[in-house]
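S.K.: The signal peptide annotation in Swiss-Prot covers 1-20 and rests on sequence analysis. The region 'Disordered' annotation in Swiss-Prot covers 25-86, 237-257. According to Swiss-Prot, the compositional bias 'Low complexity' annotation covers 41-69. If you look up Swiss-Prot, you'll see 76-86 marked as compositional bias 'Polar residues'. Here Swiss-Prot flags Asn112 as N-linked glycosylation site, drawing on sequence analysis.
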Amino acid sequence: MSLSFLLLLFLSHLILSAWAQGEKRLAPKGQPGPAATERNPGGASSRRSSSSTATSSSSPASSSSAASRGGPGSSLEQSSFQWSPSGRRTGSLYCRVGIGFHLQIYPDGKVNGSHEANMLSILEIFAVSQGIVGIRGVFSNKFLAMSKKGKLHASAKFTDDCKFRERFQENSYNTYASAIHRTEKTGREWYVALNKRGKAKRGCSPRVKPQHVSTHFLPRFKQLEQPELSFTVTVPEKKKPPNPVKPKVPLSAPRRSPNTVKYRLKFRFG
């Protein structure tokens, strides 16, 4: 009886070990076996909680990064637009009043005209909006402005007083009127003008009119040299006819000049 009992125990042990090995082979690599799940029943829940906390922590970071990315764009949109670099024109404004003057802007804020062009008369006209321009002195780095009293002066900062309305006249000249200041009762515009001596006129003066020569300015800008439009045509060369061959004339032997004999006449008398 003891031997048979031992044999039964040995066979049952072999069967149990074989069954355990078969379950291990059938189970996938990522999932633990039944023994592991029984030993650590809270493993899956802990992993789920850790993954949820990771996603929750990543969400505010992503939102903060998105906010930081959107920040510069919003600040650029809110920044004020001064003028377009593509609309700049550099040159001088020539007024044909009197002997003719070039509008010039001084660093100390003075504005007048000079008969001969110089560094102070180099101006930069840029577009602010449709029909509205600003005038800046390149050398003085100040903007042309008109005060409430109609006086022309130079301003270090670009303000509403520096905005002028540019109009093209029929005689190819331009007029520049203040975009803000004008006569309240009649609505007459105040224009940039020079007198016969080259001094700046007040825009509020009743004599300053768009029909007067003192308000007419001719823009003289540097134009880029346009490339010469040229093309080449290939003409087939005409073959020249061959030169006619001259017949060869046989050279004759040089003739010998005959010997000349001189005779002296002798006269005998008696």
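Sequential numbering from 1, following the chain as shown.
Just so you know, glycine gets a Cβ as well, placed from its N, Cα and C.
Give me the local environment of each listed feature.
M.R.: In this structure, Asn112 (N-linked glycosylation site) is part of a beta strand by DSSP.
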S.K.: Run through the region 'Disordered' (237-257) and tell me, per DSSP, how many residues are helix, strand and coil.
M.R.: 0 helix, 0 strand, 21 coil
S.K.: Could you list the residues of the same chain, at least six apart in sequence, whose Cβ is under 8 A from the Cβ of Asn112 (N-linked glycosylation site)?
M.R.: Phe101, Gln104, Tyr106, Leu194, Gly198, Lys199, Ala200
